[in-house]
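These features come from Swiss-Prot:
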DNA_BIND  1004-1073  DNA-binding region
COMPBIAS  861-872  compositional bias 'Basic and acidic residues'
COMPBIAS  975-987  compositional bias 'Basic and acidic residues'
CROSSLNK  Lys390  SUMO2 cross-link
CROSSLNK  Lys1116  SUMO2 cross-link
REPEAT    11-50  repeat 'WD 1'
REPEAT    52-91  repeat 'WD 2'
REPEAT    93-131  repeat 'WD 3'
REPEAT    134-173  repeat 'WD 4'
REPEAT    184-223  repeat 'WD 5'
REPEAT    228-267  repeat 'WD 6'
REPEAT    271-310  repeat 'WD 7'
Amino acid sequence: MPATQKPMRYGHTEGHTEVCFDDSGSYIVTCGSDGDVRMWEDLDDDDPKSVNVGEKAFSCALKNGKLVTAVSNNTVQVYTFPEGVPDGILTRFTTNANHVVFNGAGNKIAAGSSDFLVKVVDVMDNSQQQTFRGHDAPVLSLSFDPKDIFLASASCDGTVRVWNISDQTCAVSWPVLQKSNDVVNAKSICRLAWQPKAGKLLAVPVEKSVKLYRRETWSNPFDLSDSSISQTLNIVTWSPCGQYLAAGAINGLIVVWNVETKDCMERVKHEKGYAICGLAWHPTCSRICYTDVEGNLGVLENVCDLSGKVSSNKVSSRVEKDYNDLFDGDDTSSAGDFLNDNAVEIPSFSKGIINEDDDNDDIMLAADHDLGDDENSVDVTMLKADLSHKEEGDDDQARSIHNLPLIRPQRPFYDGPMPTPRQKPFQSSSTPLHLSHRFMVWNSVGIIRCYNDDQDSAIDVEFHDTSIHHATHLLNAFNYTMGTLSHEAILLACESADELASKLHCLHFSSWDSSKEWMVDMPQNEDIEAICLGLGWAAAATTALLLRLFTIGGVQKEVFCLPGPVVSMAGHGEQLCIVYHRGTGFDGDQCLGVQLLELGRKKNQVLHGDPLPLTRKSYLTWLGFSAEGTPCYVDSEGCVRMLNRGLGNTWTPVCNIREHCKGKSDHYWVVGIHENPQQLRCIPCKGSRFPPTLPRPAVAILSFKLPYCQTSTEKGQMEEQFWHSVLFHNYLDYLAKNGYDYEESIKNQAVKEQQELLMKMLALSCKLEREFRCVELADLMTQNAVHLAIKYASRSRKLILAQKLSELAAEKAAELAETQSEEEKEEDFREKLNAGYSHTTTEWSRPRVRSQVEDAEDREDTVSEEKPESHNHGQNLFQSANSSDTPALKSGAVFSSSQGWVNPFKVVVSSKEPAVSANSTRSANILDSMNKSSRKSTSLNRMENNEKSPVIKPLTPKPRSKQASAASYFQKRTPQADKTEEVKENPKSSSSDAPAVCLQNSENQRPKTGFQMWLEENRSQILSDNPDISDETDIIKEGMIRFRVLSAEERKAWTNKAKGETASDGAEAKKRKRVVSEICETENQEETVKENLDLSKKQKALNLPANQKLSAFAFKQ
């Protein structure tokens, strides 16, 4: 029957850990790097007795009620067992003692230290000491000869020595080990051991085998090895009978041999692959205890038979029952008789083979009482004879074993995937319960410490910001083990005791009334396992697989079932995150699930029990939210993961804490995560997983790094930076979706940073001739950045790339228009707006503006032909257009206020034609295929009309604010501006236009900057890309953003261009270098229209029909 491996449990903090049994095997004694010696009644002992012996305990030995320890203060101390009372110091060294062992009688101990010395000390009289000198490096391990004649030692100098105790001389030395300068750097601690009783063999672990040296001759008759051993062996130990030898490797493998037959009897692998550093065989039972370098304790049951004989035990009653059930109703069959009659005669190895094979041939052979002469057969009479010989004494043991036929090794036994022990529930940012001084929680609000001494049991609460609440001291009368903290309350919980129910205790310090605490008892047989706080609510998960919700004032709310036992919980605002066991994990992996709920007015479940990703063979160590409300968690391998709401609520690794640790045994204890600024707040723990309460630990800040490939290259770095920025600004979309306030500048800065990175990656791909990759990068850009990419491709002479990018820009524009139309269909407010008294054109009525303008043009012609001119300057000739059926147009759009003449061609020339031609010019024949939607064109027309109205209407100038004055610098030059210059040159112009003319001229005389010229050049492009912009200030802001994206050379060229420009419009027109001939023709037509308009003003004596004919002619142009 193969050995049974029990689930390991936490024993000590990370570091070298040793284990031994007492003389009777009633106690398991362990010591570790936390300086404690613990006495376990068995592996399931939840409350082992603990004795602190120093800062670190390197080794321990137990014999005759004396417990000897080697500790970090360079001493070897003795304690009474099991009381743990100090009984003096046996010896001292100048450095740490690395190993200490008892002799067989228990009256002497041997200790080896890093100062190269080995000492043998009498336990009763420590003045009786012997010192052995000869090693040239720290001593690794020691072992007493059972007859107290020899002492074996291993050292970092690479030698194994055997000393004669009586004269303190070296009998023999073997240079078989790898040299090192210190114990911590040694590849193996080489825990050697003498064979019990006679001490005929000395076992030494060397590389991947165990060398056995014969006593006194010091020869090496044979080595023990196995094909399953792939790493260096660390330690060996003998069974009490001396027949079996167990060895542990640095990769967690435990192997057991039969020394006489050299057969490998057992192969057991550590569940997590940690190095085995402690092995101890039970004095009487077939049990081995072992420890690893992580401080864990494990047990192997049913290892081998310790009688020193080949097993001849009967088949167990359980196996008999199983076979009887199999042949139920056929008790008199030959198979049943065979099992009852011959069970005694079947050896263990034959039994294993029979049980292992399910073929019918084996059953037939067994029924015939004929095992045959195969290679695994054993004659029963010979076996009985050999067993009788073995009972004669220990000296005949080897001879009787050799008389047995040679048995070949059994084939490896595979147990299948091993289930992983379930992780126990825990509170995030808390330290283990067994510590007398521990943190119950450390978060962004404050700290809760728990002190559980023999004299005092109390809880201290400290707030980082004392304006929230002052520090609080509480008596821990109910033995609270769980605690959490928020800006509103302190929440504590305890498990049930003998007669006390499990309690939930809340101190609501933010309450405005005088009652500031409440308490709730759980039902019988229901214990609280995890708690958390949110905004206005508290939650508790219990052993009954229930989650109970409470208001912060103590009102019970919803109660719902959990799909499995809870592991941990966290709350933030209205969000509640629960991690629980979905099932049983295998091969060291945990099987966890996660639920994310929103507990606001509209309750919602975001994650429906999805599997929680963990690193292989790891467990959950921290669960919480970032300060901005994004769920995060950390596993035992140091991987920090964050919920990516932008990718279907998946989990993305954002940091590996282990990369920041300097030492192998160092860790970081996470206390909080921030997305803005991007900080991982944690406490460094030197040589342990948890920080001490005193002195107060300092918080360190780690940076985030996504695990992208080739981050040493420029491409990999920019890719990591881009997705890093995208991931860590997803919370802004979540805040906006849920109606929270946030700074718009943060999002704008993030978008700008992302677009700059995309442009850099596109430029890099362009240089590397990766044009297809350029298009892929452009697909991630915004509409404005795509236009910049098109310009870059054109200047780089990548014409095919520019064409592909143009097609992509057209697709993006079509998608944007489609999205806008869908939004308009879903939220159509036109009927609601038109039902009221206001007929102001809004963004919801934009598609109707074009038809309204066309209707107004038709009415203009009708009015100008039918009605005679009236010289009443206050009369509006478009009054018929403002009927109840048609909404009014923007004031000042199509009439002159100085003479009262109707200007029928203003809408056509100034609104429609320049808008189309300007856009066609800016695209430089690249975006010719893009069609403008009616919404964009009408928005542009409305914007240009708004810009012209201050010039056309003769209003008295008012004092301007600084913002308005600055905005006037960036006004686009329009035909109306040219008109005012003509009025200035003509002294016969009407005096009513003088204020506007003076104001416009004073603004035009100011020196222009490069940005102003660039904005005039690209104004139409900005308006076409952003149809929703209606304010001049917004146009300037958008222009400034685009101007900053330009390279330094381009900005400098615009500045030089502005310095060399003259004030005249003719020179300005020449410097702009218009390319398209259609624009020139349009400008000529505009000049002709202006001359005709001036002519109509001068000839006031002309009759009305002539003016009407002139107006009709100009309209047709």
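Backbone N, Cα and C define each Cβ position, glycine as well.
Just so it is clear, the model here is predicted, and its values are computed rather than measured.
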**Q.** Residues in the repeat 'WD 7' (271-310) grouped by DSSP into helix, strand and remaining coil
**A.** 0 helix, 18 strand, 22 coil
Q | Contact call for the repeat 'WD 1' (11-50) against the repeat 'WD 4' (134-173), three or more Cβ pairs under 8 Å | A | no
Q.
Going by DSSP assignments with H, G and I as helix and E and B as strand, what are the residue counts for the repeat 'WD 4' (134-173)?
A. 0 helix, 22 strand, 18 coil
Q | DSSP-derived helix, strand and coil totals, residue by residue, for the repeat 'WD 3' (93-131) | A | 0 helix, 20 strand, 19 coil
Q.
Going by DSSP assignments with H, G and I as helix and E and B as strand, what are the residue counts for the repeat 'WD 2' (52-91)?
A. 0 helix, 26 strand, 14 coil
(Q) If you average per-residue pLDDT over the repeat 'WD 1' (11-50), what number do you get? (A) 91
Q: Kindly report the helix/strand/coil residue split of the repeat 'WD 6' (228-267) according to DSSP, in that order.
A: 0 helix, 23 strand, 17 coil
